[in-house]
Each structure stands twice: as structure tokens, then as C-alpha cells.
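Structure first, commentary second.
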Amino acid sequence: MTAPAHGTAAPVTAPDVPARDADGENWRGSGPVTQVLVLTRRALWSQFADRRVLVIKLLQPLLLLVVLGQLFGSMVDPGLLPSGVPYMEFLLPALLVTSGIGSAAASGAILSRDMENGMTARLRSLPIALSSVLFARCCADVARACVQMVIMVVCAWALFGYSPPGGVAGTAAAVALAAFVIWALTWVFLALSCWLRSLDAMQSIAGVATFPLMFGSSAFAPVDGMPFWLQLIARANPLSYAVDAARGLCLGTPGAAGLLGALAASAGVAAVGILLAVRGFRRPLVG
């Protein structure tokens, strides 16, 4: 064994001593479900405590409907739309899915901010499973996205006469599908955040990834009306499959193959994202 250099203290590893309560009994902490629920409530409270931020987040669905509905509605050839389908009924299912990209990217940015401001270090000092922090972050942001989607549907119905052939059941199924897709995308951005550990890098990647995913898909215009090179991109874009599946549910023409494909792809993306996020989050904090 080599003796430590003169003037350099040998590293000391603290023993793994369980936390104790006031009576001196070992305290193992709560169960994983309780941990996720408590941390989810904390994340939701931090998002909605500021009323100004709350109003902005709740107004986002209305702005998307008005701006994108009027902009693309005046540009798209009605002959390319499904027979008898107004553009708003074509657009809304796509907005349910694509609006989740921003929510998922924001989830990764919030986690990066928590890593930089010391909140993550405090959570890591508690007797909880580290993965519960990630699951709580994901659950909170998906819950927020679901609220925004409901507001979007209500605004479309009240302001634009949204009444799809699929009815309430089809729209509810599309919202559920969109929530599952958002859940999968959120894990991708959480994984990026856990490995990058930089808010600036996270925001830059989110901005670069959001644009081609949203506009290089079948979300805002029929693929057949796009230039040939853009058709290739849109058909290869995995988001197009989720958009088409949600649109089929709303229009009352669900395709089993497309729906199962969207669910399977989202599940695969989520599985990879969870694995990478948990492994990245367990790395020691530096600085």
C-alpha cells in the first residue's frame, strides 16, 4: 500500500448510517408511491403558485388555436383535407400531440435548473429513491399538459364550433393518446437533462428539436400537399404516426394498426428514456 503524500489527507468514506427519528429508531423513509405523490404535489405547486405564470400557461392553448388555426387554415387547400372535414377538426388533434413537445422540453429545462440551483442536491440528501424525483417531475408536467389539452378542446368547441365526427369519446381517446405520447417525450428530455446538466445546453437542444418535429410532420397540413422532400421527412417523422392516430380517433376513423404503432413507439421511447434518465441522474453531482 502506498502512503498518502505529505500534507495530503487520505479520503475518508462516511459510513452508510440510516436516518433516525427523535426516539433513536431507524427511519427508512416512505414508500416509492408516497414519495412520487409528495414530490409531484411539490412540483405542481411550484408551477401554479405564481398566478402570472399560471395565466400564461393556461392561455397558451387558446393562442395556439387562434394563431395556427387562422394561419394554416387560410393556406391549406380544402381539397386535400378529408371529405367534409373543416380545418379546425383537422388541426385540433395535431395540436393535442404537438403542444406536448413544448411541455416535455420545459420538463427537462426545469430539471436542469433544479440541478444548477441546488434543489436536486437537497433532494439527493433525503432518504428517498432518486428515481422518484424523475417520476414526480414527469407526472407533474404530464398533468399540466392534460389540463392545457382540456382547455384547448373546450376553447375549440366554444369559439370555433369544434364538433368532430368521433364525438366526445373519440376526443377523449385522442387526449389520452396525446398524454401517453407526451409522457414518452418527457422522458427523452429528462434523460437529456440528466446527462447534459446544463440549462443553456438543454434549452438550445429543445429549440433545435422542437421545430423539425412539429413542422416536419403531418400535424398542420396534409402530407400529400407537401413538396416531395418534405413528404419523405414527414412520413419518417415518428410524431406523424401519433398525430394521424389522434386525428383518426377524433374523426371517427380510428385505424388499429396506426393506433397500436403509435402506442408501441411511444412505449419504446419511454423505456429507453427512463433507463437513460435514471442512470444519468444517479451520477454524482459535480460542483
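Heads up, the Cβ atoms here are built off N, Cα and C, so glycines get one too.
Because TrEMBL annotations are produced automatically, they should be read as predictions rather than curated entries.
TrEMBL lists 1-26 with the feature region 'Disordered'.
Sequence annotations record features per position, and here TrEMBL assigns compositional bias 'Low complexity' to 8-17.
Per TrEMBL, domain 'ABC transmembrane type-2' is recorded for 52-284.
Non-local neighbours of the transmembrane segment (54-72) in the same chain are 47-48, 87-88, 91-92, 95, 99, 144, 147-149, 151-152, 155-156, 159-160, 220-221; each lies 6+ residues outside the stretch with a CB under 8 Å from one of its CB atoms. What TrEMBL lists as transmembrane segment is 54-72 (among others).
What TrEMBL lists as transmembrane segment is 92-112 (among others). Here the transmembrane segment (92-112) has Cβ contacts under 8 Å with residues 60-61, 64-65, 68, 120, 134, 137-138, 141-142, 144-145, 148-149, 152-153, 156, 162, 164, 174-175, 177-179, 181-182, 185-186, 188-190, 192-194, 196-199, 201-203, 206, 209-210, 213-214, 217-220, 239, 242-243, 246-247, 249-251 of the same chain, all six or more residues outside its ends.
Per TrEMBL, transmembrane segment is recorded for 133-160 (among others).
According to TrEMBL, the feature transmembrane segment maps to 172-192 (among others).
Among the features that TrEMBL reports, transmembrane segment is placed at 204-223 (among others).
For 256-278 (among others), the entry in TrEMBL reads transmembrane segment.
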- Item | Outside the transmembrane segment (204-223), six or more residues from its ends: residues with CB under 8 Å to it | 68, 72, 75-76, 80-81, 91, 94-95, 97-98, 101-102, 105-106, 108-109, 189, 192, 196, 230-231, 233-235, 237, 239-240, 243-244
- Taking residues 6+ outside the transmembrane segment (172-192), which of them lie with a CB under 8 Å of any CB in it? 93, 96-97, 100-101, 103-105, 107-109, 111, 134, 137-138, 141-142, 145-146, 149-150, 153, 166, 202, 205-206, 239, 242, 245-247, 249-250, 254, 259, 262-263, 266-267, 269-270, 272-274, 276-277, 280
